[in-house]
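Participant: Annotated disulfide bond per Swiss-Prot: Cys19-Cys90, Cys22-Cys131, Cys43-Cys78, in sequence order, evidence recorded as experimental evidence. Annotation comment: Swiss-Prot describes Asn111, Asn111 as N-linked glycosylation site.
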Amino acid sequence: EDIPQPPVSQFHIQGQVYCDTCRAGFITELSEFIPGASLRLQCKDKENGDVTFTEVGYTRAEGLYSMLVERDHKNEFCEITLISSGRKDCNEIPTEGWAKPSLKFKLNTVNGTTRTVNPLGFFKKEALPKCAQVYNKLGMYPPNM
């Protein structure tokens, strides 16, 4: 018999922010994690779109962040958005292709006290020269070819 679980009163959303040194739109072996980046977590009611929760967080060492979310936000749509990078040489917020400036998700599958989300990345101004080798290993063409 299924026993209904009590609503979660608080939990953590955690993830990482990285510098996309190859401007690939995903983590590569040359990516570097960014301490000191800021992000915003915002949840909205799925019925009327009203904002129900907003929190700003900052990355620590290894680009890790963890934000405490108060109360249950089941059946709401939430989004984590990049605000600013901790690195001047890697602060371009991606807007097209595979890379996105934000990550959208629903909080209806929270089990326990932590929810880990996919990493978000800032683009380096220009790709590192070694990136051609990375793309070659992956069997891909570098962007802008």
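Cβ atoms here come from the backbone N, Cα and C positions, even for glycine.
Here the structure is a predicted model, which means the values were calculated and not measured.
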Participant: For Cys19 (disulfide bond), name the DSSP secondary structure in the helix/strand/coil scheme.
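Facilitator: Going by the DSSP assignment, Cys19 (disulfide bond) falls within a strand, counted as strand.
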Participant: Taking the Cα atoms as reference points, how far is Cys19 (disulfide bond) from Cys43 (disulfide bond) in Å?
Facilitator: 26
Participant: What does DSSP call Cys78 (disulfide bond) in the simple three-state scheme?
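Facilitator: For Cys78 (disulfide bond) - judged by DSSP and reduced to three states - the answer is strand.
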Participant: List the residues of the same chain that sit at least 6 positions away from Cys22 (disulfide bond) in sequence and have their Cβ under 8 Å from its Cβ, in sequence order, or write 'none'.
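Facilitator: The answer is Thr28, Leu30, Ser31, Lys124, Ala127, Leu128, Cys131, Val134, Tyr135, Pro142.
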Participant: Which one of these disulfide-bonded residues has the most other Cβ atoms within 10 Å of its own Cβ: Cys19, Cys78?
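Facilitator: Top count of Cβ atoms within 10 Å goes to Cys19.
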Participant: Would you mind reading off the Cα separation of Cys78 (disulfide bond) from Cys90 (disulfide bond), to the nearest angstrom?
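Facilitator: If we compare the Cα positions of Cys78 (disulfide bond) and Cys90 (disulfide bond), the gap is 26 Å.
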Participant: From the Cα of Cys43 (disulfide bond) across to the Cα of Cys90 (disulfide bond), what is the distance in angstrom?
Facilitator: 27
Participant: DSSP secondary structure for Cys131 (disulfide bond), reduced to helix/strand/coil, please.
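Facilitator: In the DSSP reduction, Cys131 (disulfide bond) maps to helix.
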